[in-house]
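> Per TrEMBL, the features are:
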| type | residues | note |
| --- | --- | --- |
| BINDING | GLY108, ILE128, GLY129, ASP130, TYR131, VAL132, LEU133 | S-adenosyl-L-methionine binding site |
| DOMAIN | 1-220 | domain 'tRNA methyltransferase TRMD/TRM10-type' |
Amino acid sequence: MKINVLAVFPQILDSLHYGVTGTAIEKNILEIHRIDLKDYPLNSYGSIDDKPFSGSEGMVISPIPISKAMNLVKNKGKVIYLSPQGKTLNQKKVEELATLNDLTIICGRYEGIDQRIVDEYVDEEISIGDYVLSGGEIAATVLIDSIVRNLPGALGNKKSLTNDSFSDDRLKGHSYTRPRDFEGRKVPDELVSGNHELVKEWKIANSLWVTKQKRPDLFSNLQLSEKEMILLQKYELAQKNLRKGDG
Ligand code: ADE
């Protein structure tokens with residue numbers, strides 16, 4: 001997948017060179033083409049922004065540097081503008097974007113970009129959450145990281161995707177590693193039972209329980225099978241008994 005990013009501070013995306021995204025770049029699964037809007041200034045002072053006509057505080061990124069940069073991008077694919085006014089990103093959107101060959105991301109800064117750029121080029125305006133960042137570069141990093149996990153070959157272990165939170169509209173459950181007893185806190189018996197069926201059932205029940213506890217909004221939308229309901233009930237009962245034992 002090729003992703004073009006237009007930004008005032010493209011260096012902020014450097015962290016994509018580490019971990020899963022870094023490996024994807026090395027393996028040519030992902031190609032990131034960063035375009036520095038400061039390379040297309042309005043004047044000899046190097047300005048790329050200007051005062052808003054509304055008279056509001058702050059500055060707006062001029063349409064001129066963005067359109068100059070956009071004209072140099074060959075295969076734009078879908079064009080996304082990252083801003084707090086966009087539709088909130090979720091896993092479904094991430095998976096949809098991961099099917100594309102080309103993507104172009106415009107990062108805003110200051111009071112945003114001139115609306116005529118949005119009208120001319122942008123297919124979708126996306127926000128990464130209901131809070132305001134100083135610029136779209138960190139949002140672009142988040143968006144690209146979430147997309148890359150879904151590109152074929154990007155994750156060493158394909159199963160991590162299906163085990164991920166949100167893969168089934170539910171959260172991933174608890175994780176444990178050695179030692180079996182850490183300062184008196186033990187790994188659940190089922191996980192060390194050596195019985196695959198028991199482990200599988202524990203994982204289902206624990207994931208449902210975690211979802212119910214942490215995200216009741218997600219939980220209430222789940223359509224549980226009869227087996228899942230029974231597994232969750234048994235798990236909840238065991239939790240209650242555990243807590244009784246503690247007290
Ligand atoms: N730019 C500033 N805040 C943002 C947000 N929440 N999402 C995407 N881009 C942004």
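Glycine residues also receive a Cβ, built from the backbone N, Cα and C atoms like all the rest.
All annotation found in TrEMBL is predicted automatically rather than curated by experts.
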> Do any of the binding-site residues ILE128, GLY129, ASP130, VAL132, LEU133 touch ligand 1, in the sense that the CB is under 6 Å from one of its atoms?
ILE128, GLY129, VAL132, LEU133
> To see if you understand the setup: which same-chain residues, six or more apart in sequence, place their Cβ under 8 Å from that of GLY129 (S-adenosyl-L-methionine binding site)?
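Counting only residues 6 or more apart in sequence, the Cβ neighbours of GLY129 (S-adenosyl-L-methionine binding site) under 8 Å are THR88, LEU89.
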> Find, for the listed binding-site residues ILE128, VAL132, LEU133, the residue with the lowest Cβ contact count at a 10 Å cut-off, counting only other Cβ atoms.
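Looking at the binding-site residues ILE128, VAL132, LEU133, the Cβ with the fewest others within 10 Å is that of VAL132.
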> Express in Å, rounded to the nearest integer, the largest CA to CA distance found among the S-adenosyl-L-methionine-binding residues GLY108, ILE128, GLY129, ASP130, TYR131, VAL132, LEU133 named in the record.
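Across GLY108, ILE128, GLY129, ASP130, TYR131, VAL132, LEU133, the two farthest Cα atoms sit 16 Å apart.
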> Name the residues of the same chain, 6+ apart in sequence, whose Cβ is under 8 Å from the Cβ of ASP130 (S-adenosyl-L-methionine binding site)?
PRO84, THR88
> For ASP130 (S-adenosyl-L-methionine binding site), what is the secondary structure state per DSSP, taken as helix, strand or coil?
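Assignment for ASP130 (S-adenosyl-L-methionine binding site) reads coil.
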> Over the domain 'tRNA methyltransferase TRMD/TRM10-type' (1-220), what is the model's average pLDDT?
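Here the predicted model's pLDDT, averaged over the domain 'tRNA methyltransferase TRMD/TRM10-type' (1-220), is 96.
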